[in-house]
Amino acid sequence: MPRTSRAAVGAVVVFAVFISVILSGRLHGSTLTVVDDFALLALATPAVVFSALAARSLWGRRRLAWLSMTIGLLGWTVGEAIWTFYEVHLHRPPFPSVADVAFLVMPVGACAALLLLPAEHTSQSRARLFLDGVIMAGSLFLVSWVTILHPLYQSYPSDQLGFVISLAYPLSDIIILTVAGVALVRSSGQHRLSLTLLTAGLACFALADSAFAYLSATGSYSSGSVIDIGWAAGLLFITVAASAAHDGKRKRRNSFALPGWASVWLPYTPLLVAGVVAAAQPVPDLKSRPVLIVASILVVTVLGRQFLAVKENRLLVATVADQALHDPLTGLANRALFSDRLSHAMHLHEREGMSLAVLAVDLNEFKLVNDHLGHLVGDDLLVGVAQRLRRCVRPGDTVARLGGDEFSILVEGGNDVAELVGNRVVEAFEEPFVLSDHELLMRPSVGLALAEPDEPHLTAEELMRRADAAMYSAKRSRARVVQVYHPDIAALDEAADRRLFGAFEPRFDAGGAAAIELLGKLRQAIDKSELTLVYQAKVDLRTAENVGAEALIRWPQPDGTVLAPEEFLPLVRRHGLMGQFTQLVIGKALDDALAWRRAGLDLPIAVNLFAPSVANIALPATITEALAERGLPPTALTVEITEELFLDSTERTRAVLQELRRNGIRIAIDDFGSGYSALSYLRDLPIDEVKLDRSFIAPILVDARAAAVVRAVVDLAHVLDLTVVVEGVEDVETAALVQELGCDVGQGFFYGVPVAPDELLEAAVRKLRAIGPTH
Ligand code: C2E
Ligand code: CA
Ligand code: CA
């Protein structure tokens, strides 16, 4: 049993013994006094310790609260020790005394603790909390007045100090109970248990204190009285409250927390008690001034609170109605509200010829974020996207989240306004999103469809469909601009679909089913190893020598056509086929390398890997094994990391890269300069080679600044001892310029298109023969 629960069990046992001793009435006189005093001291100790432990385990205001509680309890314990000393040595302790000063530290500490406990997010207003406080304080005062304060007042005709001290107990109890009541009313959810226990403990203390004040005033208190059970129970409750106060896992906070039932009944309970107690009093007592004043304050407050409650309820109903039309995550309009606004706008379009536009926005590769970084990061990303989209529109426009990563914007106005908004949307994604340790550069696909006066009978559904078609077209072409709908889009896309889905000839809206069929075929093709590799030569720019070949995947179809990687790699990534696929590529590539070697061609090959597979710890071992099986040296292989989303450089990725490199395998960063990679990768990642993307190289012939940037990157790479490879060299001019800029290796249609492995071998052998005799 852990030490803490042993202590708790001990406290419960002491409490049980204590009650039975007091209630049985077996002990009398000084024995009872001593047993009683020491039992209370024994119960106070765990209360202090647990409260201190709670303070240590918590943060911020909760920690301070339990610290105040500890100080209060410590004060009370000291008071009890002094009291015990008096009773053992003096038999009749003085009242008031130093002990009372120490005892009164308790209400101060408890009050501070309750005030320090942080307020939780609830729907109640401060005004209502205040009124609840007044109702509780007033009712408690009434109870206290008729039962204790009034008799006290009458029994201290001369002793001023005694009266003030006696008064201090019940009054401080009223304050504490009120503060505890308010804290309970506004608490919601996870911390309520500990707070309820604490309040119960303080209530026990309050009862005992008030009874003590009353009995002391009439001179009839002695230790061992029944009221001592109040303190003992109070200490026990506080001990349990303290041990329950450890914060669990911090939950995600609900945006809307329902107030607990306590907020409904708690303020009225003291009022009810006050009513019952007052009803039992003789009428003249009730006519005393304090009773009348407090009673009228209570009446006014209760009315005020009712009024407020009704007002807040109306507000609540309005909020609920509002939420029915908004997306809870992002706060954007939901589909219902969007449809409503759209159909309204379409009516105006039909009747008055108003122009309007719908933008369909979809995030590229959002699923990857969800799959690899978790749904919480995905949610945060959606919230960030919503914020940016909101900034792109004018006040009257509607931004909606229709589901998942699908957003729509309704723009009232013509072509110019709509394109302006669309461009702003594209620009809004230029900056990466910063989400809990990740920097994500997301790209949207944006489609735009216009309803213009020349088409008055256009329906809302058709407009939405057009915006979607334009968006899909943008996604297909990976366009970084707004794709405006035009009637040819559908035809173009259908042609693309036919190519992609072969004999199925899916209609646009049947894409889902066809994609599933295609996925089935892809699974089979991977299982049966039907995918093939073609190779593109890497050429040394100075010697024009073939220094390597990059393996590129192809999927031959039964009808003789061949699918290119971008047509099926998204399926591989999306449907968990990456591991199997990577195995297949590595296996085939190394088989080809071995065949070349046997035919006398010793050419290193490069394979492309998905970034997520590089985070797979098992990758280095798999590769080393594959090399060893074929008796190939590690220098025969380069891995290219195709990074289009986030090369997160997490510890795991870095460890895998380092391990690969230690094993002697070369590492290349692919597509550098395409907008996703950063200069810092060159510095931070263990790599050997950087491949400059075609889009990075394309403008250098016509743009001197672009050329200067390339030169700077090449120089930097050389300083870092990296080989620079240029991709996509298509003509002789570019080839000459990249050589002049200092690049080491070239790749592109100019040097050679990707070809089947035998063809590459034949070409290489022919080349060797051609230059052979001259050497
Ligand atoms: P990448 O790694 O950047 O490969 C270069 C792409 O550019 C190849 O397209 C190649 O055919 C094309 N290319 C080569 N020279 C030129 C040129 O002069 N001009 C132009 N316009 N293009 C040129 P491909 O084969 O369609 O591959 C596309 C992408 O698919 C690759 O880009 C790579 O990221 C990915 N990929 C290909 N095979 C694999 C694979 O086995 N595994 C993985 N994970 N990804 C692969
Ligand atoms: Ca590549
Ligand atoms: Ca590339």
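Every residue, even glycine, has its Cβ placed from backbone N, Cα and C.
Because the structure is a prediction, the values reported are computed rather than measured.
Looking at 258-279, 588-609, the range annotated in TrEMBL as transmembrane segment turns out to be 258-279. Within the set 129-149, 297-317, the record from TrEMBL flags 129-149 under the feature transmembrane segment.
Averaged across the domain 'GGDEF' (354-487), the predicted model reaches a pLDDT of 89. Across the candidate stretches 38-59, 66-86, 98-117, 229-246, 258-279, the maximum count of CB pairs under 8 A to the transmembrane segment (161-185) is reached by 98-117.
Panel annotation: around the transmembrane segment (38-59), residues 4, 7-8, 10-11, 14-15, 17-18, 21, 66-67, 69-70, 73-74, 76-77, 80-81, 84, 228, 231-232, 235-236, 238-239, 242-243, 245-247 of the same chain, lying at least six beyond its termini, place a Cβ under 8 Å from a Cβ of the stretch. Remark: secondary structure over the domain 'GGDEF' (354-487) totals 57 helix, 37 strand, 40 coil, with classes taken from DSSP.
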